[in-house]
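For reference, the structure discussed in these notes is given below.
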Amino acid sequence: MRPAQAAPPRPGFRPQQQPPAFGQQPPMPQQSISRPGTPGQLSGPPTPQQGFRPPMNGTQPPPQNFGSRPPPLSGGMSRPGFPQDPNQMQNAMRRPSAGGNSMPPSPSMQRPPMPNGAIGSPSMAHQQPHLQQNGSPLQRPPSVGGMQRAPSPMMRPSTLSQPGSPGMPRPFQSPQIQTRPPPGQFMGQGQQPHPGSPAMRPMGHNGPPNGAMPGYGQSQSQPPTPKMPHQQQQQQFPPQNQVPPPQQLQQPPTQFQDPVVANLGSVNSAPVPTPHGGAHKPKRMYPQGAGSYQDPASSGSFQPAVLPGNTSLQGSTQPQQLNQGSQFFVPGENQGSGMVQPVPAYQQGLQPLAGQPLQPNMAQLSNQLGAMNVGSGPGYGFSGQGTSQSTVALMGVAPKILDLEAPPPTINLPTGSSITESPYANCDPSYKRSTLNAIPNTSQLLQKSRLPFGLVITPYRSVKEGDAPVPVVTDSIIARCRRCRTYINPYVKFVEGGRRWKCNMCYTLNQVPSSFDYDPETQQPVDRWQRKELNHAVVEYIAPTEYMVRPPQPLVYLFLIDVSYPAVQCGMVATAATTILESLDRIPNDEGRTKIGIITIDSSIHFYKLSSAAAEPQMFVVSDLDEPFLPQPQDLLCNLKECRPTLEALLNRMSDMFKDTQIIGNALGPALQAAYKMVAPIGGKVLCLQASLPNLGSGALKMREDPKLLGTSKESTLLQAASSFYKTMAVDCSKSQVCVDMFLFGSQYSDVATLSCLPRYTGGSTFFYPAFTAAKSEDALKFAHELAEFLSQRIALEALMRIRASKGVRMSAFYGNFFVRSTDLLALPNVPRDQSYSIEVSYEENLNIPVVCFQTGLLHTSASGERRIRVLTLALPVTSSLSELYASADQVAIATLLANKAVERGRSAKLDDARDALTNKMVDILGVYKTHMTASSSGATPNLQISDNLKLLPLLTLGMLKHVALRGGSQIPSDLRSYAMYLFSTLPSQCLISYINPKFYSLHNMPGNCGTIGENGIEMPVSMNLSSERLERGGLFMLEDSQNIFLWVSKDAVPQLCMDLFGVPNYESIRGGKTTLPALETDFNQRVNLIVGKTREMRRTPYYPQLYVIKEDGDPALRLWFLSHLIEDRADPIMSYHQYLGHLKDKVNSGSF
C-alpha cells in the first residue's frame, strides 16, 4: 500500500518547517543565485544601471572591499540568537545583485514563483555550509487561525508571490476592485522625474502640477473628476540615451515590494549617495480607498497609517515610479493623462476640499477591515460592493453647483435581484426616484438618520427626441399577483420549473398564464425572457375589457372664456380666440372622436350651437344665475371634425362680438355648474380663461388682499380658499372624470389661492399671467405658446393611480394635484404631461428582506382612445448601516419632497412654521451626521460636515427660504406667492431645482463653441455660482429659473457689445424690461439667440420663459428682482449662504442628536 503523500504547498507561500527533534541537526538552508531586488547574496557596489536599497536602520553602510566578492549570506534574517554584529546585519539586509552587474527591470520580465516556496535552489546548497552557524534560515512564523502572518517588517522575502497571485491575497486590496488591469512595467529607478511630478515639488505643496493653473482650459470652480488609476493608460518615460541590453529580456522582473516594507524602510533613514551622485529614497506607496479616489494634488496633509512604534514617516518624501499592473498608487504621482488637475484658488488653504474625504485613514482602515470580514459587513443590497462614503466640509468653500446635474446615487442591488440582466430593469429617475436609494431596515434607523423617506413620481413624462419610448405589451396578457395585485416585473422569481412565479411584494405563489410563452399573432412559442414586462421597469399594457367600467372616453375640450370688460380690454379674448383657431390641427384627434365646445361669460352665460347642419353658429344666453340650465341638450358639444367650419367662424368673430362691451360682471360659478352638466356624462377638460375676479352668483369672490396682513402670521389666511364652493365643485368634477384648468390674467387681484383649488383636486393645471396686456407682444406670445402647447399635449384621461410597496412599508402622505379616493388610491380625471407627485413613505414593521420594491400602476385612457395601464417598478436595497443610508441619499429628491411639505405647511399653518421646519430639518441631518458619522461626535466643531452626495442640500434649502413661495416680507402679493406654491408642488424635479437654484451664465466671455451646434445640440456655457461676485464690469450675464430669463447688462458695456447683440450704438440706447432680442447677422447675436432658444425648449414643461433685459442702473424694481435670485448673497433680512451655514453650525453645536 502506497503511503499517503503530503499535499503540495500553495504556490507563492513558504511551507511551515517543523523544528528539528532533540539531538538532530537542523536542515541545511537552500540558496539560489540572487536577482536584483530580491534578498539573497551580496554583490558589488551598485552601478548606474542597478537599483539600490538603502539600509533599514538609518546608518551608513560600513566600508567594503569592492575588489573581491564577499561570501554569500542567507536570504533572510536569523531567528533569536542571530549575530549582533551590525556589519553582519547590514550585509544580511542588503539587496544584492547577481554577478555585480544588475540592470533595471524590463517590462517583459516576469518572475515565476519559487518551487515549493523555498528560498534557494538545491544546486547552491553546497556553496553555503558556513551559514548554519549564524542561525536557522529565514522561516515564516507559524500561522494563526489558518492565515499567514504579514512578512517581516524589516524585509520582504523573495518567495512571496506577486500581489493577487493564487497563493496570496492582495495586500490592502479594495474589495470593490474585482479585476486587475493588465500587467504593465516597472519604471526605471534612474530615470529623470518629469515636470510636475512630486520629485520636482517640495513636500506639502498642493498646487497644480505640470504647471497647470486654475482657470486655464477648465472651470476654476469645477475641476474635472479624475479617473481611477486602473482606468488610466500609464505613461512611460524611459531614461534618455539609455537602451536596455538584449539580455535584459531574459531576466525575471524585480519582486514586487511590500508597501509596508517600503514605508518602514524609509523611517529615519539618511539618503545614501549613489553612483549618480544624487540621493535615492525608497518609494512610499499607499493602498487605494475602496469608496472614492483621493485627489493626490490636493492632499498634502495626507499621512499613511504606521505600525506601532513608528511615529514619523518624514524620511519618505520622494516617491518613485509605479508598476502599472499593481493596484497601488503614489500620492502626488502623475498616474497618466487626466489624473493631475489644478486646484481652484478658493479651495487652497487649511480648509478641507469640498468633495474630498476628511478622514482618509479611517476610510481606508474601514475598507481594509471590510476586506478581511472584520466588523459588520455591508447591508442588504451591497453584496460585494458598497456605496461610497465621502465626507466633505461645507464652510469656507463655494458650492459645486454643477453636481446638481449629476445622476442620483447608484442603486446597488444584490446579485441576482432581477431575473434578467436588462439595463432597464430598474426605473429611470425621470419617472420615479426615491429620496433614499438604500432603505433602512427599521423605522428606528430611519428616525435616527432624520432623513426624509419618500418618492417623487412623474408617471406621464414627456418623451422628447432621443428618449426611448415606453414599451407597450400588446398581447393583452397581464400577469398579476392574486393577493396584492402586483403586476409581474423583473424582480419576481419563477419556481417549479417556470410554471409559477413568486410575487416580490407579498411572496405569494401565482400561476403563470398559459399563453405567457405563446404569441397569438404568429401562433408560435416565444422566449419568455424577451418579454417586455420582464426586462423593463417602465412598461404599458393595453388593458382588456375587464379594466373598463364604460367605453374609453373621447377627448373633450370645453372653453369657458371671460368676455367682460377687463378681459376684452387687456386683449385676452382676441388672443385666446386666435390661438385656439390656429391650434385646432394640433389637438389630438386620432380616431375622430374629439369633441369641443365654447361658453363665454360676463354677467350672463352664453352657449353656442356648433352643429354641422347650421351654417352659422347660434348663441343662447342664460341669465338665471341661481339655477343655471342648458338651453338645449345636444349640439353644445360637437365633434371637432364635423363642426370645424362653424367653429372657425365663431372664433373669427369672437374678438369683434364683445369689443364694445361695458359689462364688468363675471359669473364664473354658475358657468362652472352649467359646464359640469354638459361634460359630466362623458368626462373631459374644462379650460377657464379668466381676466377678472368672479363676482356674481355662486362662488362670488371679493377683494381680500390686505397689505397689513402681508408678512404677518395671518398671511396664511390669504393662501387658503376663500369659498368652499370651488372645493365642493372640484370633488364633484373628480367623481365624473371632469378636469378643470385655470388660465388667470390679473391686472389686479385674481385670488389665485381660491381658483387654483379646482385644478388641485381634479388633476388640472394653473397658469398665471400677472399684469397681462396683449399690446405687449411678449405677453401675447407667452400666453399663445403655452395655450397651444397645452392643447397639443397627449394627456391621459380618467386615470387612477395606486402605489404598492413591499410588506412592511406603506404610503402615508400624498402631495400634488389629485383627489385621494381611498387610503392609497388617487383619482386623476386628467394626467398632464410632466406633472410631478410626491409621496411620503412610513413603516408598518421592520424589514427582513434584502430588496424593497415600489410599483406604481396608472390605469388611464390614452389620447388615442385606448385603455392602458402604465407600470413603474423601482427596486431598492435594504441596509442596516447608517453610513450607507447617508451615502445613498438623493439631494434632488429630498429637496423636491421638502418643498411639497413646506407648501402644505405654509397653507395649513403659518409661513414661519414652514420656514422653521426646513431649517430644523437641515439642523437634524447635519447634527446626526456630525454625531454618528464623524470623529467629532461631541463638542463644538469649527466646520459643518456632510456626505458628498448631500453637500448641496443646504444651498437648495436656502433657495427655498429665499424663494417667493416661502420668503418672508410684506412686499410679495398673495397671488404671486400662491402661484409659486403651485409650481413647487407640481413641477418635475428637473424644473424645480432650476426654479429654486437658477442657472447663471457669463455670456461676454463664453468659449467660442458655446451657442453653436455640437454633437449634442446647442452647446451651453458653464453655469456659475449665484453670487454678485461673479458680476464683472462691462459684462453680459444671463440667469434663468425655468419661468423667466434675465439678461444683466453692465453699465460699462463696450459699444461693440451693444451693437453686436442689440443693434444699438451704446449702452444708453438699450431698452430695459420685458423684451425680445433682435435677430441680427452678427455672430454674437446668433449665438445668444440660440442659447435663449434652447433654454426655452430644454425643459419638460409647456411653460415659455419671458426675457427681461436688466440694466445695471435701470429700473430699481427689475434690478432688485434680478438680484433676489442670487441666493448666495445676503438679502435683508435673509442671510447669505455662508451666514446660513454659520447659523446651522451654531444650532448643530448647541443641539443634542
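Glycine too: its Cβ is placed from the backbone N, Cα and C atoms.
No curator has checked TrEMBL annotations; they are predicted automatically.
According to TrEMBL, the protein has these features:
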COMPBIAS  1-12  compositional bias 'Pro residues'
REGION    1-319  region 'Disordered'
COMPBIAS  13-25  compositional bias 'Low complexity'
COMPBIAS  60-73  compositional bias 'Pro residues'
COMPBIAS  104-115  compositional bias 'Pro residues'
COMPBIAS  124-137  compositional bias 'Polar residues'
COMPBIAS  185-194  compositional bias 'Low complexity'
COMPBIAS  228-240  compositional bias 'Low complexity'
COMPBIAS  248-259  compositional bias 'Low complexity'
COMPBIAS  309-319  compositional bias 'Polar residues'
DOMAIN    478-515  domain 'Zinc finger Sec23/Sec24-type'
DOMAIN    552-788  domain 'Sec23/Sec24 trunk'
DOMAIN    797-879  domain 'Sec23/Sec24 beta-sandwich'
DOMAIN    890-992  domain 'Sec23/Sec24 helical'
DOMAIN    1019-1089  domain 'Gelsolin-like'
- Message: Can you tell me which parts of the same chain pack against the domain 'Zinc finger Sec23/Sec24-type' (478-515), counting only residues 6+ beyond its ends and a CB-CB cutoff under 8 A?
- Response: 417-420, 422, 425-426, 528, 533-537, 541, 543-544, 804-807, 851, 853, 855, 857, 869, 871, 873, 875
- Note on the structure: Ranking 552-788, 890-992, 1019-1089 by Cβ pairs under 8 Å to the domain 'Sec23/Sec24 beta-sandwich' (797-879) puts first 552-788
- Which residue counts does DSSP yield for the domain 'Gelsolin-like' (1019-1089) in the helix, strand and coil classes, in that order? 21 helix, 13 strand, 37 coil
- The mean pLDDT across the domain 'Gelsolin-like' (1019-1089) is 94
- Across the domain 'Zinc finger Sec23/Sec24-type' (478-515), DSSP yields 3 helix, 11 strand, 24 coil
- Count the residues of the domain 'Sec23/Sec24 beta-sandwich' (797-879) that DSSP assigns to helix (H, G, I), to strand (E, B) and to coil, and report the three numbers in that order. 0 helix, 56 strand, 27 coil
- Within the domain 'Sec23/Sec24 helical' (890-992), how many residues are helix, strand or coil going by DSSP? 70 helix, 3 strand, 30 coil
